[in-house]
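Copied over from TrEMBL:
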- GLU68, ASP86, ILE88, ASP89, ASP213: Mg(2+) binding site (BINDING)
Amino acid sequence: MQENEILTYAKSWIKEAGEQIKKSFQTTLNIETKSNANDLVTNIDKETEQFFITKINEQFPEHRILGEEGNGDNLEDLGGVVWIIDPIDGTMNFVHQQRNFAISIGIYEDGVGKIGLIYDVVHDELYHAVKGKGAFFNDLPLKKLNEVSVSEAIIGLNATWVTPNRRIDPLILGTLVRDVRGTRSYGSAAIEIAQVAAGRLDAYITMRLSPWDFAAGLILIEEVGGVSTTLKGEPIQLLQQNSVFISKPGLHKSIVENYLKGKEW
Ligand code: 2AM
Ligand code: CA
């Protein structure tokens, strides 16, 4: 795979798409709901996905595309080169705040993560990683993750998971919340995973994400020595929904052993 060439195109497309998204702030959005009343999609999500599909098909016709809005290819496997794209991760933030959303692109070859890009559009912050070559924040290298204890950790976690919900007993993560230094919730999984890669969050936990939410982030995390598993400590399956637990290595082990192991949910 021509990593340098693909990265150069991906970076320039992501910035161009970001400019178009910012211009849309002056227009009236067409907002629809998907799986539930809070699962939003706009014309800009769809147009941005279509922008990437057109560019990729033109430049790399043999590559395949899995996009959140479903206009890419119907994928049943990860053979060849596959771009996994979330045109806007954090659509609720995009609609309500006009900031704190990202474009997320993970590029895989035969199921192996090669290039990850997460672009926080309004802050103009680009995180990217190339397998074996490190991870970067606005082209400056990110350091390998250091260690931290549970009591000094800041974790990314949505309040949903510590109140009654359909996926986990709130007491399990509630106990962890009581013991950590602090919690944060940014409303964009891609940005939260990028914050772990940059060492600004020590871990990120959520009960359900789709492939486009984490495809890029997993590549960043691997490059800085972090650990990515499901909340059960199992490998994340790339083509399905998963719970996601991303963390500095020692912290991951402590949380699994002291808060998650042996619990049923
Ligand atoms: P989205 O904005 O691209 O939909 C919010 O906490 C995070 O969870 C966002 O990254 C959001 O991505 C994602 N998310 C929202 N609804 C989801 C769903 N039904 N399944 C999986 N991920 C979802
Ligand atoms: Ca999205």
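Just so you know, glycine gets a Cβ as well, placed from its N, Cα and C.
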Can you tell which of the binding-site residues (GLU68, ASP89) has the fewest other C-beta atoms within 10 angstroms of its C-beta?
GLU68
In sequence order, which same-chain residues at least six apart have a C-beta under 8 angstroms from ASP86 (Mg(2+) binding site)?
GLY67, GLU68, ALA102, ILE103, SER104, ILE105, ALA190, TRP212, ASP213, ALA215
So, three-state DSSP: helix, strand or coil for GLU68 (Mg(2+) binding site)?
coil
For the recorded Mg(2+) site, enumerate neighbouring residues of the same chain (Cβ within 8 Å of the Cβ centroid of GLU68, ASP86, ILE88, ASP89, ASP213, site residues themselves excluded), in sequence order.
ASP45, ILE85, PRO87, GLY90, THR91, ALA102, ILE103, SER104, SER188, ALA189, ALA190, SER210, TRP212
Sort out the sequence-distant neighbours of ILE88 (Mg(2+) binding site) for me: same chain, 6+ apart, CB within less than 8 Å of its CB, listed by position.
ILE21, THR42, ILE44, ASP45, THR48, PHE94, PHE101, ALA102, ILE103
Name the secondary structure element type, per DSSP in three states, that contains ASP213 (Mg(2+) binding site).
helix
